[in-house]
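Here's the feature list from TrEMBL:
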BINDING   83, 108, 135, 136, 137, 138, 139, 140, 141, 142, 143, 204  5-phospho-alpha-D-ribose 1-diphosphate binding site
BINDING   198, 203, 204, 205  uracil binding site
DOMAIN    11-212  domain 'Phosphoribosyltransferase'
Ligand code: URA
């Protein structure tokens, strides 16, 4: 893990870098791509939960009493941005099976060109939960920023964003749009191209996860 700033964390474990290289390869099959997205999400959520609070608990082992540590039980939710974010949910749930899942679909308004939610289904108590917003690619940052604004309107206080690949343009926009959010990414790429694809990136993550290329 490489803390680039107070709010940007690069998850650059050697296993992560190796898996990301396979993910980027245009010849990687859809099935393998999906599995790698899940595995990378698991590595990333491990880092994104490294600041969770602990409290002491007394446990009787077969040999003696032990004072151990357990999570204080803060409730968590994972919110995938449809559609590509769905590919990261199982990796998060592998580590945090008790997390609730909220779904958020974003689209661009025809008139204003601003992203807004076309579908949202959140856990009832989302405002009391720590939320992990997941989307494999942070390109312009538009839909991610709109997702955060939506969650803030619902009263969510603690939001972390997990992506696999980020463009510098998206990172700058995200940090400028929200003063508190923390970003976890496995790579920071060079730039966006004229079609707003990340360069070198990995192509359209949703198409590659769902085999719709
Ligand atoms: N979304 C993608 O899936 N890929 C990109 O490169 C940019 C946005």
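Every residue, even glycine, has its Cβ placed from backbone N, Cα and C.
TrEMBL: automatically predicted annotations, no manual curation.
How buried are these features, and what lies next to them?
Around residue 204 (uracil binding site), taking its Cβ as the centre, 15 other Cβ atoms fall within 10 Å, counting all chains.
Using a 10 Å Cβ-Cβ cutoff, residue 203 (uracil binding site) registers 16 neighbours.
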If you measure C-alpha to C-alpha, which of 139, 141, 143 (binding-site residues) come within 10 angstroms of residue 205 (uracil binding site)?
none
Based on the record's binding annotation for 5-phospho-alpha-D-ribose 1-diphosphate (83, 108, 135, 136, 137, 138, 139, 140, 141, 142, 143, 204), what whole-number value in Å is the widest Cα to Cα distance?
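Max Cα-Cα spread across the 5-phospho-alpha-D-ribose 1-diphosphate binders: 19 Å.
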Cβ within 8 Å of the uracil site's Cβ centroid: which residues qualify beyond 198, 203, 204, 205?
136, 137, 165, 197, 201, 202, 206, 207, 208
